[in-house]
Amino acid sequence: MSNMSMTLRDVPNRERPRERLLHEGAHALSNQEIVAIMLRTGTKNESVLQLAQHVLCHFDGLRLLREATVEELTSIHGIGEAKAIEFCAAIELGRRIHTMQEMDRYVIRTPEDVSRFVMEEMRFLSQENFVCLYLNTKNQVLHKQTVFIGSLNASIVHPREVFKEALRRSAASLICLHNHPSGDPTPSREDIEVTHRLAQVGKLIGIELLDHVIIGDRTFVSLKEKGHLPFS
């Protein structure tokens with residue numbers, strides 16, 4: 001195999017990911033095989049399956065791959081800009097489909113429901129994201145919105161921004177949440193102050209703050225369960 005890059009055609013028929021997908025379904029493929037299909041070709045010294053494994057190792061499996069940028073992908077030998085753009089677009093499409101499926105029917109009744117809804121999306125974030133879930137009278141998620149990115153501070157997270165969307169969506173209630181990039185969801189004094197302030201405004205305008213959930217790495221804390229919601 002002199003100067004030609006190695007493609008999926010160089011893999012024995014029965015082992016080709018595309019053929020396996022056709023005959024066994026996408027669910028039967030390994031992460032490496034799915035990445036290989038997306039890459040299509042390897043390099044003159046590395047098969048496409050080897051390149052796929054190289055990509056997964058570079059990003060610690062799927063853990064960091066979901067946040068991969070074009071710049072990060074093109075830093076890997078064998079991945080050009082066009083291939084990196086297609087890769088990022090496929091990741092974003094999968095993320096959007098997942099979000100739509102979740103929100104179509106997702107009902108929140110407990111802090112565990114909140115955690116299941118956002119954990120995989122939020123536990124890897126490198127900055128604090130303050131997010132609101134707006135619910136209808138059946139506790140179904142109407143809308144999810146990131147209100148603020150950065151260190152949480154009672155003077156920065158303004159109730160106006162939180163409740164403006166609640167009024168626009170005719171929400172019956174809302175749940176606030178944010179992540180701690182450290183992975184430790186223990187609430188800070190600022191977290192508690194923000195919760196009290198939003199609960200007071202919600203009581204005044206008739207849109208109840210049901211909870212404020214802090215997301216860590218595979219763990220979470222409900223400020224309602226900790227007794228920090230003054231009107232619950």
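Even glycines carry a Cβ here, placed using N, Cα and C.
Among the features that Swiss-Prot reports, Zn(2+) binding site is placed at His178, His180, Asp191. Under the heading domain 'MPN', Swiss-Prot lists 107-229, citing sequence analysis as support. What Swiss-Prot records for 178-191 is motif 'JAMM motif', and it gives sequence analysis as the kind of evidence.
Helix, strand and coil counts from DSSP across the domain 'MPN' (107-229) read 39 helix, 36 strand, 48 coil. The list of residues near the motif 'JAMM motif' (178-191) in space but at least 6 beyond its ends in sequence, with Cβ under 8 angstroms from a Cβ of it, reads 122-123, 125-131, 152-154, 212, 214-217, 219-221, 223, 226, 228. Taking the Cβ of His180 (Zn(2+) binding site) as reference, residues of its chain lying under 8 Å away and at least six apart in sequence are, in sequence order, Glu128, Thr186, Ile214, Ile215, Gly216. Contacts of His178 (Zn(2+) binding site) defined by a Cβ separation under 8 A and a same-chain sequence distance of 6+ are given as Glu128, Asn129, Phe130, Val131, Leu152, Asp191, Ile214, Ile215, in order along the sequence. Counted within 10 Å of its Cβ, the other Cβ atoms near Asp191 (Zn(2+) binding site) come to 21, all protein chains included.
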